[in-house]
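Some features that TrEMBL has for this protein:
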- 6-377: domain 'Serine hydroxymethyltransferase-like' (DOMAIN)
- L113, G117, H118, L119: (6S)-5,6,7,8-tetrahydrofolate binding site (BINDING)
- H221: site 'Plays an important role in substrate specificity' (SITE)
- K222: N6-(pyridoxal phosphate)lysine (MOD_RES)
Amino acid sequence: MKMSQVIKDSLEKELKRQQEHIELIASENYVSEAILELNGSILTNKYAEGYPGKRYYGGCKYIDEIESYGIELAKTLFKADHANIQPHSGSQANEAAYRTLIKPGDTVLSMSLDAGGHLTHGYPINFSGQLYNFVFYKVNKETEEMDFEEIRDLALKNKPKLILTGASSYTKIIDFKKFKEIADEVNAYFMVDMAHIAGLVAGGVHPNPCEYADVVTTTTHKTLRGSRGGMVLCKQKFAKELDSAIFPGIQGGPLENQIAGKTQALYEASTPEFKVYAKQIVINAKALANSLKNNGLRLIANGTENHTVIVEVKDSIGITGKQAETILESIGIISNKNMIPFDKEKPVHTSGIRLGTPAMTTRGFKENEFEEVGNIIASVLKNQSEENLKKAKLSVLNLCQKFPIYKNLK
Ligand code: DSN
């Protein structure tokens, strides 16, 4: 049957949008054509509840080959004892990790949302905040970086069963060794959600949490540049409980087309080319940060060591994050409003925007392009005259046309 014209029209418009915009959402990326093909493949037809060699359905021989290969690639790439690549999302990966390590009502120490944490790290309206007793660490008010004195004090005072780190908007290298020392001191499990930095870890430009943590969760579609979904890695002693927590605990049939796409991403991330890519993501983020700073903008924690830059706009420019996001979108730059540490604005407005370099690095942007992007952003956030916006929009389109994506897709 032919594709619905309604869907086809929207799909074509979305392709054009992706081709003609500069994508700076730190959690997005462009997957390879091989991954696109696998996501839309016949693997979507198959039910395969269970795990390779232990399925509840017949006909799983080739599905098992792909999933087993993905598991082995994940274990090798991240030096993990055990891997489960079935979680449908990062949220479900985190839910499975909690079910593996703790019981409802137990205390967990994690990073607050405004400081850079995630909804599933205990936000009161998320399942995590409703089931477990979360206590939050923030960042140091002066440096806007993690403060290990505060983290240790909170751990000693609250005696959590689990200490969790990993962030959605934190721009510095995370010291997993220090976290592990604190966890050991208070006899807590240690969990890392490396969703944002998984590709940087795979590429060797961020320390690997698997060395220290009992359980490591991630999404597979951010810096790792794979199919949309989740994955959990853990020490051998948690393997059985983790697998049961995912299936039959919280999920039924795995999405084998997505699992094949994740496997392809793990294969791609194991190549020397991916190491070059990961390194360039960080070089580009530093170039973007320097350009914004040279234009007088204030960055949270004064810069970046990873793929993300967070710009404070409320006090320094007098606009909210939401307004900044809208201004940038009007010229073809896609970002997202973002809370900053100790934010006084509500999450729907915020005082900052979050920018990331993974997607445009995939497209081929290097330092010069990111310096230009920084100049454009600073210029339009400070001056929204019609003439300035028009000029900026043209520069964005020129940059996009120089670095096309999916040349074979129409
Ligand atoms: N929504 C993701 C992000 O943008 O960071 C996290 O789940």
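The backbone N, Cα and C atoms fix where each Cβ goes, and this holds for glycine too.
TrEMBL feature annotations superimposed on the structure.
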{"residue": "L113", "record": "(6S)-5,6,7,8-tetrahydrofolate binding site", "Cβ within 10 Å": "22"}
{"residue": "G117", "record": "(6S)-5,6,7,8-tetrahydrofolate binding site", "Cβ within 10 Å": "26"}
{"residue": "H118", "record": "(6S)-5,6,7,8-tetrahydrofolate binding site", "Cβ within 10 Å": "23"}
{"residue": "L119", "record": "(6S)-5,6,7,8-tetrahydrofolate binding site", "Cβ within 10 Å": "18"}
{"residue": "H221", "record": "site 'Plays an important role in substrate specificity'", "Cβ within 10 Å": "26"}
{"residue": "K222", "record": "N6-(pyridoxal phosphate)lysine", "Cβ within 10 Å": "27"}
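Of the chain residues outside the (6S)-5,6,7,8-tetrahydrofolate site list L113, G117, H118, L119, M111, S112, T120, H121, G122, Y123, N126, S168 have their Cβ within 8 Å of the site's Cβ mean position.
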